[in-house]
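Everything below concerns the one structure shown next.
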């Protein structure tokens, strides 16, 4: 019984042991994943970088110094590439776009730089004795459009100017527009001179003299806006949204990538956007927040409205010298037509445009009544439509454009027709600089008539606010003044991204490297020592931080380049570099920095020159537990990058540590390289070394043989023995019953042999070598026989063990099978018995129901009886 109990316990132990072994085999069969580095993956991240310009500046009046291009932009690409990104959805935000800020700063720098060498008007900030210019004597043409210039619109002023001799002044005369001078004190001329007209006189000064530094634009400066393409340096790209109804914010499903934007004309204007891009389908309105009346509404039209502006009168320009090389240009006289400057546009086109704008505004503001009205007041640049036309700055009244009410059906006071709308304009020569406070520019008069044709492509609207939520009317006015909105109307569909070509993902492939145990070394502290922190360490300790030093070295190079760029930017007025020149230099240096950084990381990870690089870093499921099929077949690189974005720093550090350990292992392996591969022993380059060793061994053996022979002879001589010859036969002693032999060479000879002593040195060497080889052969043969015997025993034992395990596996398989069959039989019997019981109960219940009528009949019979 005791034996049977022990046998049962052993059987249970074998059963559980087999189950554990199977579980271990299943767990060990699970495949391991390893980090693989990929270079050139299509991944990007939002970034801000230095953009540079491309333009065909030489095609626009090469003899004129253009403010915008300055001939420093690179030529445009004749075949620009635009790559459509399929199945890509990207978020855009035109109101938080660094490209707008960068363009704004660039235009400011260009204005400042173009005016830097020009003449300051400080000597003209004196008292001007002005009267109304007499315009009655001019010839008036009968051309249509425009109104007569009002009396007093132009002032004839006299002032004192210092000549080339500083102690001598000279009186000069010049014509100034009424908007450019402000009165100091004003009165009427004395009655004795009041015989011809009611001309007023007074003391004036130039506007902005007390608050700004006025600079005269250089004579050959041209303000004609030419298309400027903003481009990204290498390593960056521009994403472009091609959705035709894109409102400026939110996701865009039709995305492409370009290297440069389209040609953007930096038109400085208010209220109306001129010569911009058009919407492809319907009118589009954009605002950062439509419910906030402070936010400007940018309207992009789908069809342009042509506006023709002109200054009819023919002005002459006179020069006033105030010193050597310093000349001030002013209006000498007005010849010919004395009508006001004005702009004409088609009423039908404008009304059709307003109708489409109203439709979009109603969609946004719940079908309310839309009222367009004039500006509520402010600076002339805001109240009037200001822009540059042929070098003169026009300020036009747009009340006729925005003076209508649109109810739910049609505009109430919107007059139709095909007539022309004429906007009266005034000209200012002293313009308050829009980009900075405290600066103003004097635009010298342009001689001759001025005409310019522009296209209205957009509007800048502001909405009146109010707390009355029940109001059914929304009032809109033309606005502007913030030039960022002008640039934003063109850059709304672009965003700059930084290309991240390095990607990591799990694969089944593992780098084949030297396998050694990782030793615990104190590298954590050294990682934070910095670039020069390991200078006082030993060479062994310093080699651990080589990657840290390489990284800090590159950071030092980048820092030096940034310092150089800042120095150049600070001294660009001495180096004569334009803002575009600075940006091109920054862009090119930035591209080199990006490339060096990527190559540095690849080198640190041991992946230089590889597009796909396997590593020995195991993939951690905590980074992403998705399967390989899910990752490689269902996710894009952008989605995968977002998945592991929080762990890329950890992965990079592990890759660096793994490569450091691998390099250390390889260094230790090189020290044992001669013993690493037995096949190298047969390398022909080692034969001379082998021959030399062989000669040394043979020489040593022969020398030992000679030494021992001499010592033996000396020992025998000392014992009184004198050898007759080296060939003397020394037979072994025999017994009396073993004769030496019989005649005829019969009989048995002794086994002992006495070989004759060899003659000569070479014969002696050969004899020793033969003895050595024979000894080595016999020993190797014995060793081989022992090894064969051991292998045979191991094989027999192994085969017996395999047969034992196989029989055990068969036994337990049969036991499991029998147990399963027994369990199934028991279950089947229990189910069958239960089913029989259920069927029997159901039959009894059914019989009871069937016997109810019989029981009723029997009861009635008993009752009747």
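Cβ atoms here come from the backbone N, Cα and C positions, even for glycine.
What Swiss-Prot records for this protein:
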- 136: N-linked glycosylation site (CARBOHYD)
- 156: N-linked glycosylation site (CARBOHYD)
- 203: N-linked glycosylation site (CARBOHYD)
- 210: N-linked glycosylation site (CARBOHYD)
- 254: N-linked glycosylation site (CARBOHYD)
- 302: N-linked glycosylation site (CARBOHYD)
- 314: N-linked glycosylation site (CARBOHYD)
- 403: N-linked glycosylation site (CARBOHYD)
- 407: N-linked glycosylation site (CARBOHYD)
- 455: N-linked glycosylation site (CARBOHYD)
- 471: N-linked glycosylation site (CARBOHYD)
- 646: N-linked glycosylation site (CARBOHYD)
- 157-209: region 'V2' (REGION)
- 309-342: region 'V3' (REGION)
- 468-479: region 'V5' (REGION)
- 470-479: region 'V5' (REGION)
- 671-692: region 'MPER' (REGION)
- 728-754: region 'Disordered' (REGION)
- 721-724: motif 'YXXL motif' (MOTIF)
- 715-865: topological domain 'Cytoplasmic' (TOPO_DOM)
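Within its own chain, the region 'V5' (470-479) is flanked in space by residues 270-272, 296-297, 361, 365, 368-376, 382, 385, 398, 401-402, 459-464, which lie at least six positions past its ends and keep a Cβ under 8 Å from the stretch.
Each of the glycosylation sites 156, 203, 254, 403, 407 was assessed for Cβ neighbours inside 10 Å, and the highest tally belongs to 156. Other C-beta atoms found within 10 angstroms of the C-beta of residue 455 (N-linked glycosylation site) number 15, with every protein chain shown included. Shown are the glycosylation sites 210, 302, 471, 646; the one with the most C-beta atoms within 10 angstroms of its own C-beta is 302. DSSP gives residue 254 (N-linked glycosylation site) a coil state; it is part of no helix or strand. Counting Cβ atoms from all protein chains shown, residue 314 (N-linked glycosylation site) has 15 others lying within 10 Å of its own Cβ. For residue 314 (N-linked glycosylation site) paired with residue 156 (N-linked glycosylation site), the C-alpha to C-alpha distance reads 17 Å.
Break the region 'V5' (470-479) down by DSSP state and the numbers are 0 helix, 6 strand, 4 coil. Averaged over the region 'V5' (470-479), the predicted model reaches a pLDDT of 82. Here the CA atom of residue 203 (N-linked glycosylation site) lies 11 Å from the CA atom of residue 156 (N-linked glycosylation site). Residue 254 (N-linked glycosylation site) sits 28 Å from residue 646 (N-linked glycosylation site), taking the Cα positions as reference. DSSP assigns residue 210 (N-linked glycosylation site) to coil in the three-state reduction, outside any helix or strand.
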